[in-house]
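Annotated features in Swiss-Prot:
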- 35-42, 277-286: FAD binding site (BINDING)
- Cys134-Cys137: disulfide bond (DISULFID)
Amino acid sequence: MNQEVYDLVIIGAGPAGLAAAVYAKRSGLNVIIVEKQFPGGKIALTSNVENYLGINSIPGPELAYKMYEQVLNLNVSIIYEAADEISLKEKYKKIKLTTQTLITKTVIIATGTENRRLNILGELEFENKGISYCAICDGPLYKNKAVSVIGSGNSAVEEAIYLATIAKEVHLIANKPQFKAEQQLVQIANNTPNIKIYYNKQTFEFFGHQFLEGLKFRDLITNEVTTLNIEANFTFIGLLPSRINTNNLCIFNEVNGFITTDKNMQTSVCGIFAAGDIVDKNVRQIATATNDGVIAALYAKEYITRNNW
C-alpha cells in the first residue's frame, strides 16, 4: 500500500481525544488527530473549571490549551477537517475527510456531543442574532444588558453565574421545581444579586425583529404566560451525540445515537474504539472523558500488537 497507514486515527480533540493521543504517542504508535473545530472540546467554551483533580480553579480555555500544548509537545499532528465517514478497507479502516482519506489500523471516535435545542418558535430565526449556546464566546457582547439562561443543570447555573459578571441582569429559567445542578453552584446563583431565578417555567417562544428582543414562558402549574425583554439567550438543556456516517457498521446506537463499548472502550467493530461523551453512559465529566481516552489508547495498542502489525 503506497498511502501512509497510521497506527491510530483519533477523531475529536476534546479531553478524551487529547488524552488518548498522549498515551498512544508515548506507547510508540504513529497517531494523528482529526478535529473539525478547535482543540479542547467544550472545555474551551466553559468559563471556569473547578472539579478537575489537582486544579482548584482554572478558566476553561486555559485548561483546554494546556491539554492541547501537551499533545503538541509530543509532536502529534492535528488535521483540522471534518471526518465524514468511516468504513473498512480489507484489514484497515478508511476515514474519509473533507479533502482527503486516511488509512489506519485502529480508530478512536471521540467526537463528543452537540447542544440540544428547544425547537420552539423563533429559535432558528434568531440563532447567532441573540440566541447562543456559548456564554464565554458571546457573553461579552452583552455587557450591561439583560440576558436569559435556560436550563437546570450545572452548565446552565455555571454560565448564569459567569454572565452575571458581565450583564446587567440574568434571568435563569428552569422547567423543573428545582435545579439538577450541584448545590454549591445553586447557592452562589441564589446569592448573586443580578440573577433572577424562575422555576417550573416552560419557554415556548423567542421574538424580535432583526435581532432577539425577548422570550415568552408559561408557568407549568398556573399556566400563566410571562414575557421577558432580553437581548440574548443562552440555552443549556442537554446534549446530543455528534455522529459520523459509519455506513453499515452499526457502531452508533440507533435508539439514542451514542456508542456502546465494552470495558476496553472497543465498539462492536474490532479495532474501532470510542471515548468521552459520545459513549453511551450516565456520567459525562472531564475526568471520565480522559479516563476513556487513556483506556481506548492502551487497548488500541494492544489490538495492534495482538494482530502482529
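Along the chain as shown, the residues are counted starting at 1.
Cβ coordinates come from backbone N, Cα and C, glycine included.
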Practice prompt. State the Cα to Cα distance, in Å, between Arg284 (FAD binding site) and Cys134 (disulfide bond), rounded to an integer.
Written response: 18
Response to the item:
The sparsest Cβ environment within 10 Å, among the recorded positions Cys134, Cys137, Ile278, is found at Cys137
Worksheet item: Non-local Cβ contacts of Lys281 (FAD binding site) (under 8 Å, 6 or more apart, same chain)?
Response: Phe258, Thr288
Item to complete: Measuring CA to CA, name the entry from the binding-site residues Glu35, Phe38, Gly41, Ile278 that ends up nearest Cys134 (disulfide bond).
Response: Gly41
Worksheet item: If one looks at the chain holding Phe38 (FAD binding site), which residues at least 6 apart in sequence have a CB under 8 angstroms from its CB?
Response: Ala13, Ala44
Worksheet, complete the sentence: Cys137 (disulfide bond) and Gly41 (FAD binding site), compared by Cα position, are separated in whole Å by 13
Worksheet item: Taking each of the binding-site residues Gly41, Arg284 in turn and counting other Cβ atoms within 10 Å of its Cβ, which one has the fewest?
Response: Arg284
Worksheet item: Helix, strand or coil at Lys281 (FAD binding site), per DSSP?
Response: coil
Worksheet entry | In the chain carrying Glu35 (FAD binding site), residues 6 or more apart in sequence that have Cβ under 8 angstroms from it | Gly12, Ala13, Gly17, Ile78, Ile79, Tyr80
